[in-house]
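Per TrEMBL, domain 'Peptidase M14' is recorded for 16-305. If you look up TrEMBL, you'll see Glu271 marked as active site, proton donor/acceptor.
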Amino acid sequence: MSSLNTKTGHSMDWTKYHRLADIYGYLNYLASTYPSRVELINIGTSYEKRPLYVVRIFNRSSSVVKPAVWIDGGIHAREWISPALATYIIRQLVEVPANEALLCNVDWFIMPVMNPDGYEYSHAFNRLWRKTRSVTSWTSCRGVDPNRNFGYKWGGLGTSTNPCSDVYKGTRAFSEPETFATSNFIKGKASSIKLYLTLHSYGQAALIPWGYNVVYPSDYSDMLELAKSAVSKFTKYRYRVGNAAAIYYPAAGGSDDWAKSIGIKYSYTFELSDTGAYGFLLPASNILPVCQDFFPALDVFAAKVATMKV
């Protein structure tokens, strides 16, 4: 399955993982081809000066501020299925007329690759690279774990002060230009963003804050009910649903905890396929099955968000 425009020749092939230039080229193509539906927002630059792009998908004919869904992918460089799904969702919302109803009452902000430096490094040099590519106090050990760098309970359980660690938290919260720019953008839209969805791999789980420890927010039952409803749409893959720290392990400084802490009621981490047979090395033949299985869950999330006041 691919999205192909005969005039420009720009296509996305869902049978392979794409480099950053392909993904960014596709986003630019959508913004120029569908100006009434797509706004491409450059929210800053990465450590290595790559643009950080957020795609806003909306119905421009409506001037009303609508409740919004945020989706991000590619926080961890090696989790290639994450940007692939985020890009697939963008394609479905923009180029498939059957999905237009999802834009009626909800706006979408989607950031396919939050960690572009790491993503490129994982393609070019080290397939299992996880972190950013910033220089640390140890010249031989680069990068910070972006998902330990957000400013809620930063530096707590599941983080490291060792720059060589895969879970190195950084020198301070939001030390990385990627997490700093992303958090600033989200804060600026926090009154309208009602659902935060961050895509990771692997494990097939829908994780609910708090992740910094086995602690449950006061509205946990609401969050659990919505997650279970969304997961019920999956037909190919079975997902566990529950508290992040309880299902996996405590990990402080995560983006989902931070989003919840600034008042975004529904905040989830989805750990995509598989459950460990391939892990981070999920074959490209799995991209389309994972994406097609996941997309119907967005109906559930959109229906809930549409009922919420901005």
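Just so it is clear, glycine is given a Cβ too, placed from its N, Cα and C backbone atoms.
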*Give me the non-local Cβ neighbours of the residue listed as 'active site, proton donor/acceptor': same chain, 6+ apart in sequence, Cβ-Cβ under 8 Å, ordered along the sequence.*
His200, Ser201, Tyr202, Gly203, Gln204, Ala205, Ala206, Leu207, Tyr248
_Taken over the domain 'Peptidase M14' (16-305), the model's mean pLDDT_ = 96
